Amino acid sequence: MAFFTHQVIRGISSSAVRNAAIKHVTIIGGGQMGAGIAQVAATTGHSVVLVDTNEEILKKSAKGIEGSLKRVVKKKFADKPDAGAEFIAKVMANVSISTDAASVVGSTDLVLEAIVENLKIKQGLFGALDKVAAAHTIFASNTSSLPITDIASSTSRLDRFGGLHFFNPVPMMKLVEVIGTSATSQETFDSLLAFSKALGKTPVSCKDTPGFIVNRLLVPYMMEAIRLHERGHGSKEDIDIAMKLGAGYPMGPFELLDYVGLDTAKFIMDGWVEKDPDNPLMQPSEMLNKLVAEGKFGKKTGEGFYKYK
C-alpha cells in the first residue's frame, strides 16, 4: 500500500510541475560537447551543474568555458572591459561542478547526458539516476546515433525521456534536434522545445529514427563520397572541391569526415548496418574500416583521409 501511495503521489507531483520551465540543469559529461552545452545554458541564465567522474576533466572544462567566454567578450565588449569582466563572472557563477551525479539530481529539472556513445553505459547511468532524481525531472540524451527508446528503457520515466542533439561547437551552432519517442509525453516534448529556444537555439522536431534528421541525411552522403572514391570515380580532393564550389558546402565530405572523426562515422554506420543490413545506403566501407583500424581517425589523431601537422 505504501508503494502504491508513493507511486500515486509521484505521479501527481510529476503532473503538477511538468510544465514548469527548465531552470536547473545537470549535464553529465565534461567533454567538449558537455562543456559547450553548459556554457550556453549558463549564459542564458540557467543554473548548471557539470558532472564527470574525473575532477581534472571538470577543471579543464571550467577553464575551457571561461576561455570561450573571454573570446566572446573580445568581440562584444571590446571597448567595455569592466562590462566584459562582469559578464564572465555572472556566467561562471551559474556553473558548478561535481563528480557525484547522484548527489546533485535530486532537485534538477533536466538531466542531459553527453557521454561516450555506448548504449550499456548510457543505460547504466540513467538507470542509476532514475532511482534518485526528482519525480518531475526530465531525462535527455545528446546521442547522435543511438535510439532514445533503447536508452530510456533502463528507467521508469519513459514519458519524461527524450533526446536533445546539439551540434559542435555548441556555442556557435544554432540547431538542436529534439527527439521524442512513442512514450515521450507532449508535456515533456514541449518542455524540451522551450528549453532549446531559451538557449537561443532553433529546435527541429524529430522522431526516434536512425540518425534523426541531420545525420540520417549527412552520414549516407559522406559514405557515398567514400564509395565514389573507392570506385576510382574521383579523387578525395576533387570530390571535396566539387561539393564546396558546386553545392556551396563549407567543407567537402572528406574534410568533414576528418573533422567529425572516422571512428565516430564508423561507429554510426556499424550500428545502422546491424539494424538495417539490407539498406544500400547503410553499407560499410573497406577504406573507412582500414583507416580506423590503423588508428587514423582524422584531425584529432593527425591523420585521416588527409594528414594534419
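Even glycines carry a Cβ here, placed using N, Cα and C.
For 24-209, the entry in TrEMBL reads domain '3-hydroxyacyl-CoA dehydrogenase NAD binding'. According to TrEMBL, the NAD(+) binding site annotation covers GLY29, GLY30, GLY31, GLN32, MET33, GLY34, ASP52, GLU117, LYS122, SER144, ASN168, LYS300. Per TrEMBL, CoA binding site is recorded for SER68, LYS75, SER144. Per TrEMBL, the feature site 'Important for catalytic activity' maps to HIS165. According to TrEMBL, the domain '3-hydroxyacyl-CoA dehydrogenase C-terminal' annotation covers 211-308.
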DSSP helix/strand/coil residue counts for the domain '3-hydroxyacyl-CoA dehydrogenase C-terminal' (211-308): 65 helix, 3 strand, 30 coil
For ASP52 (NAD(+) binding site), the number of other Cβ atoms found within 10 Å of its own Cβ: 24
For NAD(+), whose listed binding residues are GLY29, GLY30, GLY31, GLN32, MET33, GLY34, ASP52, GLU117, LYS122, SER144, ASN168, LYS300, the greatest C-alpha pairwise distance in Å: 24
Residue among binding-site residues GLY29, GLY31 with least C-beta crowding, 10 angstrom cut-off: GLY31
Close recorded positions near SER144 (CoA binding site), where close means Cα within 10 Å, chosen from GLY29, GLY31, MET33, ASP52, HIS165, ASN168: HIS165
Recorded CoA site residues SER68, LYS75, SER144, farthest C-alpha pair in Å: 31
Which same-chain residues, if any, lie at least 6 apart from LYS122 (NAD(+) binding site) yet have Cβ under 8 Å of it: GLU113, ILE115, SER141, THR143, LEU146, ILE151
Protein Cβ atoms within 10 Å of SER144 (CoA binding site), excluding its own: 22
Whole-number mean of pLDDT values that fall within the domain '3-hydroxyacyl-CoA dehydrogenase NAD binding' (24-209): 96
Other CB atoms, at most 10 A from the CB of HIS165 (site 'Important for catalytic activity'): 26
Residue among binding-site residues SER68, ASN168 with least C-beta crowding, 10 angstrom cut-off: ASN168
Whole-number Å value for how far LYS75 (CoA binding site) lies from MET33 (NAD(+) binding site) (Cα to Cα): 23
Cβ neighbour count within 10 Å of LYS75 (CoA binding site): 8
Neighbour tally for MET33 (NAD(+) binding site), based on other Cβ positions within 10 Å of its Cβ: 20
C-alpha spacing of SER68 (CoA binding site) relative to GLY29 (NAD(+) binding site), in angstrom: 18
